[in-house]
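Features reported for this protein in TrEMBL:
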| type | residues | note |
| --- | --- | --- |
| BINDING | His110, Gly162, Pro163, Leu164, Gly204, Asn233, His309, Phe487 | thiamine diphosphate binding site |
| DOMAIN | 400-575 | domain 'Transketolase-like pyrimidine-binding' |
| SIGNAL | 1-19 | signal peptide |
| SITE | His70 | site 'Important for catalytic activity' |
| SITE | His309 | site 'Important for catalytic activity' |
Amino acid sequence: MKLFTAFVAVAAGLTSINGFAPNVAFKTRHFASATSLSSTAVDMKSSLATAANEARGLAMDSIAAAKSGHMGLPLGAAEVGAVLYGDQMQYNPSDPQWMNRDRFILSAGHGSMFVYSWLNLAGFDLPMDEVKNFRQHHSMTPGHPEFPNSEHNTPGIECTTGPLGQGIANAAGFAASEKMAAARFNTADHKIFDHHVFALCGDGCIQEGVSHEAACFAAHEKLDNLIVLYDSNDVTLDKMADYTQSEDVGARYEAVGWDVTTIDGHDIDAVTKAVADAKASKNGKPTMIICRTVIGKGIPDIEGTNAAHGEAGVKFVDASKAGLGLPEDDKWFVSDGTRSFFNDVQAKNKAIYDDWQKTYTAWKGSNPDLATQLENGLAKKQPSADEMFAAIPPMAAPAEATRVSGAKIINNIAELVPTYISGSADLHGSTRNYIEGGGNFGAGGADKTYAGRNLYYGIREHAMGSIMNGFSYHGIFTPSGSTFLVFADYLRATIRVAALAELGVSYVFTHDSIGVGEDGPTHQPVETVSGLRVIPNLDVIRPGDAEETVGAYVASVDRTDGPTALIFSRQNMDQMDGVDVDTRRQGVLKGGYVAKKETGALDTIVMASGSEMQHVMKAFADSPTVRVVSMPCMERFDRQSDEYKESVLPSSVPSSGRFAMEAGVSAPWYKYTLGGKVVGVDRFGFSAPGDIVMKELGMTAENIKAVVGK
């Protein structure tokens with residue numbers, strides 16, 4: 001009887017095949033484990049348990065070889081990986097971009113050897129040589145997972161993670177995008193979208209506030225296709241977790257509307273049942289599976305301690321592998337049995353994939369217009385910039401704020417690009433980026449459906465940025481979202497990741513300067529535009545009138561290899577009616593252009609952006625030797641050819657003849673003035689009507705004319 005009990009425990013994953021015991025000191029809300037097993041189930045559990053230990057071995061060897069990395073999660077969550085990649089997820093390594101695949105996001109991106117090990121075992125095109133090349137230059141296995149971009153292309157990596165908590169919010173974006181795709185493209189006869197989104201997180205992700213913002217959004221919008229597995233091991237980097245946290249995480253997630261299950265994360269049966277139950281649930285609740293695990297499991301010298309988080313276990317690797325049933329001298333060992341097992345997994349998933357392809361072919365034949373829309377969205381195929389300009393009539397606007405101009409233009413864009421979507425952090429009425437007739441996204445209610453193109457994120461800027469990234473990673477829709485410019489720093493970390501991952505997302509940031517006025521310095525973003533300009537691969541566009549705003553919107557949609565921040569004003573500004581429409585629109589695409597050309601011998605160049613363009617145009621309208629340059633986007637201008645840049649800013653004009661004006665900190669302009677004077681705002685503003693603040697801080701035509709002396 002004792003032998004039988006031990007056998008069942010091993011097969012169920014309650015003790016590993018090498019005999020070390022799991023952590024059993026934990027509370028559970030629901031606990032699932034096997035009491036009887038068929039021979040097929042025993043074989044499956046045995047194969048998964050073996051694969052889990054071999055995945056541990058791959059992580060050990062790669063981190064030891066690199067002398068760098070994080071062992072804790074890859075070893076501690078190995079059974080979770082075995083269940084997901086070996087049983088519960090649907091994917092096709094031969095077509096890693098299959099649109100209806102399940103998505104896996106490693107929110108705890110520092111544990112990257114977890115996902116690299118499983119991608120190799122599961123048959124993705126990630127060769128063992130690349131696994132061995134972990135964290136090395138030009139490898140497919142960088143220190144944190146990176147979404148395929150110009151630097152890395154690792155099949156099976158769904159998003160860039162590392163900044164903790166963002167992966168949970170990205171996953172909420174994936175799940176929302178899947179809901180939107182299902183609502184817009186599934187039909188009564190053919191269901192082409194029905195996949196799930198899985199995220200694996202740790203205590204660090206749970207502690208970061210962005211995860212809670214996203215959890216509230218996901219629950220409120222009933223994203224029951226989202227499954228988060230929480231690697232709960234009671235450890236953070238500095239100390240044991242109870243040194244800094246004491247809340248009941250499960251109760252918190254239940255309170256905001258999630259289903260929560262707590263299991264032994266080393267019990268393969270329990271993990272399998274919890275994931276299967278979550279997939280089957282259609283109750284309108286996302287699921288959190290709290291997997292109680294031992295960090296660094298498999299290296300007795302460090303497991304269960306905060307030392308296991310990093311590479312402290314490297315010196316114990318060889319001795320520990322024997323305890324896992326792995327050959328000490330055969331590094332990066334994968335047994336023939338595990339390779340054979342995953343060949344069978346691939347065959348099973350290929351059958352699912354082939355059936356889906358038949359469904360898709362039938363759907364496409366019955367819905368050619370929807371198919372074109374979907375395939376264009378996936379391929380980012382849309383009208384060219386020139387075609388969009390041709391379709392958007394001249395604005396013919398009076399003096400108005402660029403946010404007001406933008407309210408019209410975003411609807412032109414939405415008509416031209418059906419997969420373009422918008423959203424706001426509770427500020428649609430102020431930021432003016434609502435798609436009329438597009439409907440509101442969400443779960444039921446009088447005016448919300450999953451097909452809606454306007455997302456209401458609540459006052460959650462950080463989550464909004466991460467969810468937008470999730471939409472972009474998912475690949476069908478082109479997301480944009482808005483808030484006041486001064487709050488851009490709330491989502492700055494997500495903007496940085498969007499730039500790194502080369503995501504074509506757009507931010508609509510309004511109330512752009514001291515012109516905000518009465519709200520005072522807390523809401524007057526004097527430093528924010530310049531702060532955004534220093535993020536590599538982020539285009540920051542601050543248009544100077546309605547036609548430049550057309551150019552800004554078109555540029556943001558036309559760009560697919562990085563994000564764009566659109567900087568719009570609250571205050572009215574004059575239109576540059578003396579400059580033809582095409583010059584202004586095309587000028588934005590180039591980043592900078594000559595708005596007013598000198599009529600005499602050129603000796604002075606005055607540059608500006610946004611609302612300050614009206615002042616320099618007025619100040620030098622009758623100055624024959626002064627050229628006025630509009631510079632709405634420094635990043636785009638800097639990418640132009642040397643010949644073009646010279647044509648706009650001739651090197652013959654010295655620093656003494658170069659000037660710039662902007663209602664923000666002056667530093668970025670000196671690369672163009674070459675040390676010449678910049679009229680900027682290098683201090684915080686104050687509360688007063690906007691025109692008074694502008695005048696007091698020198699943002700007038702009279703002041704720039706006096707400074708230039710022309």
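Just so you know, glycine gets a Cβ as well, placed from its N, Cα and C.
A Cα-Cα distance of 14 Å separates Leu164 (thiamine diphosphate binding site) from His70 (site 'Important for catalytic activity'). When the alpha carbons of Gly204 (thiamine diphosphate binding site) and His70 (site 'Important for catalytic activity') are compared, the span between them is 14 angstrom.
Each residue contributes its Cα atom, and for Asn233 (thiamine diphosphate binding site) and His70 (site 'Important for catalytic activity') these two points are 14 Å apart. Pairwise Cα distances among His110, Gly162, Pro163, Leu164, Gly204, Asn233, His309, Phe487, the recorded thiamine diphosphate-binding residues, top out at 35 Å. Cβ crowding, taken as the number of other Cβ atoms within 10 Å, peaks at His70 among the recorded positions His70, Pro163, Leu164, Gly204. Annotated pair His309 (thiamine diphosphate binding site) and His70 (site 'Important for catalytic activity'), C-alpha to C-alpha distance, rounded: 6 Å. If you draw a 10 Å sphere around the CB of Asn233 (thiamine diphosphate binding site), it holds 29 other CB atoms from the protein chains shown.
Note: the CA-CA distance between Pro163 (thiamine diphosphate binding site) and His70 (site 'Important for catalytic activity') rounds to 15 Å. Proximity of Phe487 (thiamine diphosphate binding site) to non-local residues of its own chain (separation of 6 or more, Cβ distance below 8 Å) is seen for Ala425, Glu461, given in sequence order.
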